[in-house]
Amino acid sequence: MRSSWADSVANAEESAPATGAAPAPVANHQNSRPTRSSYVPPHLRGGGRSPENQVPAAAPTPAGAYPSGAVQPSGGYAAAVGGTRWAAPPGAGSAGVGVVRQGGGGRGAVGGAGGGWNSRPGGWGDRRDREPNPFGDSEPAAVDVDFESQQNTGINFDAYEDIPVETSGHDVPPAVNTFAEIDLGDALNENIRRCKYVRPTPVQRHAIPIVIGGRDLMACAQTGSGKTAAFCFPIISGILKSRPPQRPRARTAFPLALILSPTRELSVQIHEEAKKFAYQTGVKACVAYGGAPIHQQLRELERGVDILVATPGRLMDLLERARVSLQMVNYLALDEADRMLDMGFEPQIRKIVEQMDMPPRGVRQTMLFSATFPKEIQRLASDFLADYIFLAVGRVGSSTDLIAQRVEFVLEADKRSYLMDLIHAQKANDVPGKRILLLWSSWRQRGALMLWRTGCIQMGSLQQVFMEIVHNRRKGSMR
Ligand SMILES: Nc1ncnc2c1ncn2[C@@H]1O[C@H](COP(=O)(O)OP(=O)(O)OP(=O)(O)O)[C@@H](O)[C@H]1O
């Protein structure tokens with residue numbers, strides 16, 4: 001269970017005044033603060049751009065021309081949105097290996113998604129019989145259970161009212177307030193109930209309709225904001241609604257969706273969530289990451305994969321061995337893109353997206369998630385996305401503003417026991433699924449600086465915790 005951010009918003013607002021230049025909300029946004037001026041994403045700002053916000057010529061800059069360089073699907077984008085468009089991927093022969101840009105046809109286009117998928121000949125409906133229950137021993141939820149009273153407590157929804165949400169781009173689909181407003185299909189809806197998600201989080205409210213509507217998305221949202229579901233739901237729903245693919249019988253795996261993530265831990269978490277969301281739908285998620293033997297992952301891939309969650313390094317390895325082909329990828333999601341770039345993955349990511357056999361932008365549907373929006377990410381967005389919608393939930397690049405911070409001086413010798421006390425205290429006060437206490441022992445002399453933050457990263461991955469801290473320090477955002 002990962003951290004959630006809404007609680008930290010509440011905490012932060014109580015304990016710390018917002019700092020930094022927070023972009024003001026705008027036109028399309030749902031939680032308007034009328035006193036603020038319109039927010040313009042950095043890459044769309046015209047004159048007077050600060051050097052930090054300047055983007056290279058290739059990046060989209062003029063307002064209204066959003067974004068530039070987009071590869072328009074033939075027949076125009078509306079054609080893709082209005083229906084299903086098939087395109088032959090590079091190298092696809094007459095075997096029927098095809099790529100569909102799933103416009104989704106908007107909400108309600110395909111009622112009860114999933115029927116055709118599982119029942120098709122040669123489909124993987126039979127996978128459901130041998131699929132382990134990712135919800136553990138818990139009984140599958142009955143439809144009439146009162147989920148409002150049993151909801152997942154990982155997120156404090158009451159803290160959402162003040163969260164600024166901004167969207168820009170043309171024809172932005174309206175946000176939804178409930179999952180029921182979106183036609184995700186019965187099987188997926190059942191799994192949402194099993195997850196005890198009663199209401200969508202802000203990023204889900206906006207991102208899901210955008211992606212279901214067939215649009216590319218650049219989303220700035222913090223860790224723990226519910227991004228995983230925001231990209232997984234439309235992917236699973238889109239796969240279920242699409243024409244079942246004909247995949248060549250080969251040892252090569254042909255995923256329909258690729259989710260790139262920076263670390264093994266995050267990949268595993270996304271995979272775990274994806275398995276829950278796709279439970280009993282026939283859609284299969286696999287994970288591939290480095291630092292672990294490849295053979296087990298290869299065996300898993302050979303059994304078939306629809307959604308591949310992978311770290312860039314291991315995926316390159318699989319591509320070079322020709323054990324994975326990206327030519328049927330309809331959906332590409334990059335999670336924590338800023339972190340991937342910080343970790344030096346840009347060359348590999350570019351190779352995967354631009355130089356292998358993945359369908360080009362405009363044919364596949366692409367979602368780029370990042371907590372910050374520096375110029376490197378703007379460049380990536382401009383290169384990878386087509387006719388995209390920009391969504392900012394919370395204030396871009398202001399993760400530390402959303403986090404309650406406390407500094408305590410502790411004698412060197414007491415550091416460990418103090419840390420343990422804090423962890424135990426947090427555990428004792430915590431409710432299941434709630435976010436984590438995060439600690440940082442300073443590398444400065446003279447005692448220890450201990451700083452903890454709530455609502456950012458989960459327990460269970462100290463490595464991840466320290467990477468986040470290093471990441472923030474590098475960005476100079478830790479004060
Ligand atoms: N709509 C929802 N209702 C209740 N809980 C939710 C909802 N969406 C997500 N959660 C829970 O909130 C927590 C954080 O969500 P999630 O892990 O998807 O965030 P994230 O933004 O993807 O984080 P990360 O950056 O670590 O990937 C998880 O425990 C998840 O189960």
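Each Cβ is built from the backbone N, Cα and C atoms, and glycine gets one as well.
TrEMBL: automatically predicted annotations, no manual curation.
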Please identify the range among 119-147, 148-176, 177-205, 351-379 that TrEMBL labels motif 'Q motif'.
177-205
Is it possible to list how many residues within the domain 'DEAD-box RNA helicase Q' (177-205) are helical, extended or coil according to DSSP?
16 helix, 0 strand, 13 coil
I'd like to know the mean pLDDT over the motif 'Q motif' (177-205).
92
